[in-house]
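Features as listed in Swiss-Prot:
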BINDING   G165, R166, S167, S190, I231  NADP(+) binding site
Amino acid sequence: MALRLDGKALAATVERRLTSVVDAHSKTVGQPPGLAVLRVGDDPASAVYVANKEKACARVGIASYGAHLAADTPADQVLSTIQSLNADPRVDGILLQLPLPKGLDERPLLEAIDPEKDADGLHTLNLGRLLKGEPGPRSCTPAGVMALLRSNGIDPAGQRAVVIGRSILVGQPMALMLQAANATVTVAHSRTADLAAHTREADIVVVAAGRPGMVGAEHVRPGAAVVDVGIHRKPEGGLCGDVVAEEVEPIAAALSPVPGGVGPMTVTMLLVNTVVAWCRRHGIDHELDDLIG
């Protein structure tokens, strides 16, 4: 039976560490860390995600500054809102909730966020910092995956890793983080010929393709660690990932569940980025380097 890579339990542990840092320094600084989540439109899933992030902020002592704009808000008004948040001294982290309504281009809006307040780690400057191994906010989902691996004693150094998916949100930064941890990395995608031939050679498989049930028993070698980033709602109810868990669990040495694996750590890394930005701004020694390296 595969080791369960329990993101929910790890997220609770990390939240306790963040609470300790915030409690220790908020009075001296004069204000808590602040996270602003900008939501455009009325996507129901986005509303739930934002509410969950606000609850997580409250648990660790981060102040939430939500901004909600109508779906038909023009791009220049969204940009103006971002610029206001950039200038707001209460705000240490800014998140633009994706996806955006049709007609809004996310890239220039993400680029408008102050790189030092980029809580999602998606600004070009921060992706460049990741590439160069320099400190800066890290993309939340890949950083959460790395924390899950490390906390369960899975060291990527010298290991063969396959990342399925090449999005700027997960796949590309995931590959960079694994390379920085001295893994030998292959990036696969929907057009990769004979995907199983690649994944069966891997010690670590990270699946972020956005396709339910894409990876099954035939894709995994015995003893591999498999991280399932996908999350999908099944027609009959309930959730599933990109991995057929019941097939892979008897084969793999470790497997992240859906839900309860990567998802909780994605939210927690958003909090980590915000607290670290607050600490850097105020010259605080945060002792969170193991989560952002």
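Each residue, glycine too, has its Cβ placed from N, Cα and C.
Positions of the features from Swiss-Prot, shown on the structure.
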{"residue": "G165", "record": "NADP(+) binding site", "contacts (Cβ under 8 Å, 6+ apart)": "G171, M174, A188, H189, V206, V207, A208, A209, G210, V229"}
{"residue": "R166", "record": "NADP(+) binding site", "contacts (Cβ under 8 Å, 6+ apart)": "Q172, V187, H189"}
{"residue": "S167", "record": "NADP(+) binding site", "contacts (Cβ under 8 Å, 6+ apart)": "A208"}
{"residue": "S190", "record": "NADP(+) binding site", "contacts (Cβ under 8 Å, 6+ apart)": "A209, R211"}
{"residue": "I231", "record": "NADP(+) binding site", "contacts (Cβ under 8 Å, 6+ apart)": "L239, C240, G241, V258, P259, G263"}
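DSSP gives G165 (NADP(+) binding site) a coil state; it is part of no helix or strand.
Of all residue pairs in G165, R166, S167, S190, I231, the annotated binders of NADP(+), the farthest apart have Cα atoms separated by 17 Å. Taken residue by residue with DSSP, I231 (NADP(+) binding site) is part of neither helix nor strand, so it is coil.
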